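These notes concern the structure reproduced below.
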Amino acid sequence: MSRFLIFILLLATCTSFAFASDPSPLQDFCVADPKSPVVVNGVVCKDPKVVQAEDFLFRGLHQMGNTSNNVGSDVTPVTVAELPGLNTFGISMARIDFAPMGINPPHTHPRATEILTVIEGTILVGFVTTNTENRLITKVLEKGDVFVFPEGLIHFQKNLGNGYALALAALSSQNPGVITIANAVFGSNPDIAADILAKAFQTDINVVYQIQSKF
């Protein structure tokens, strides 16, 4: 193999690594302008001359979320959609409230690694590795513990206590995205054909219909 070809392969590899996550900003800030008609990979910048302090501010993260739902948890996101000043910075965060025995159901963030800090309570966390091993890695966390969920892997949390629990999550993207597995599989729009799900989950098609009706 020629030295030139080796150089091209190395350059392609480095380039792919360089663009593996949110790109680095090329100016002091690029406050998101959601009203812009221009469509780009991300969010268009607001004119810096009209940027205000409020563009970098999010209020209310001290307020508890409403956990009166079927899963017993509530996520308060702080992404570029809620805080325009995050645009191009490659970070975001979320507050996660848990009712007693509440769960944050299995989900994945397609564009971000997540690091979770327990603020209050005892929380079981876990993630599953990719095929074909599908290894489940779990840990019980106490107040002050920190746990990381690798980018793209399915993960979950459960409050093990009889009181409310609270965690804060930091994510390595301004727009990490979230795919809740049950919602995506059984609540897609339109529905995934029930015979496909029945075969995939090795169950009766009527069971699939029953589950889909819940979503």
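Cβ atoms here come from the backbone N, Cα and C positions, even for glycine.
What TrEMBL lists as oxalate binding site is ASN104, HIS109, GLU114. Annotated Mn(2+) binding site per TrEMBL: HIS107, HIS109, GLU114, HIS155, in sequence order. Summarising the annotation, TrEMBL assigns disulfide bond to CYS30-CYS45. The feature domain 'Cupin type-1' is assigned by TrEMBL to 59-209. The annotation signal peptide is assigned in TrEMBL to 1-20.
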> What other residues of the same chain, not counting ASN104, HIS109, GLU114, have a CB atom within 8 A of the CB centroid of the oxalate site?
Replying inline: ALA94, HIS107, THR108, ALA112, LEU116, PHE149, HIS155, ALA169, LEU171, PRO176, VAL178
> Within 10 Å of the Cβ of HIS109 (oxalate binding site), how many other Cβ atoms can be counted across all chains shown?
Replying inline: 24
> So how many other Cβ atoms are close to GLU114 (oxalate binding site), meaning within 10 Å of its Cβ?
Replying inline: 24
> Which whole-number value in Å describes the distance between the Cα atoms of HIS155 (Mn(2+) binding site) and ASN104 (oxalate binding site)?
Replying inline: 9
>> At a 10 A cut-off on CB-CB distances, which of the binding-site residues HIS107, HIS155 has the highest count?
In response: HIS155
> With the Mn(2+) site defined by HIS107, HIS109, GLU114, HIS155, which remaining residues of that chain have Cβ atoms positioned within 8 Å of the Cβ centroid?
Replying inline: THR108, ALA112, PHE127, PHE149, LEU153, ILE154, PRO176, VAL178
>> Below 8 Å Cβ to Cβ and six or more residues apart, same chain only. Which residues does that give for CYS45 (disulfide bond)?
In response: CYS30, VAL31, ALA32, ASP33, ASN87, THR88
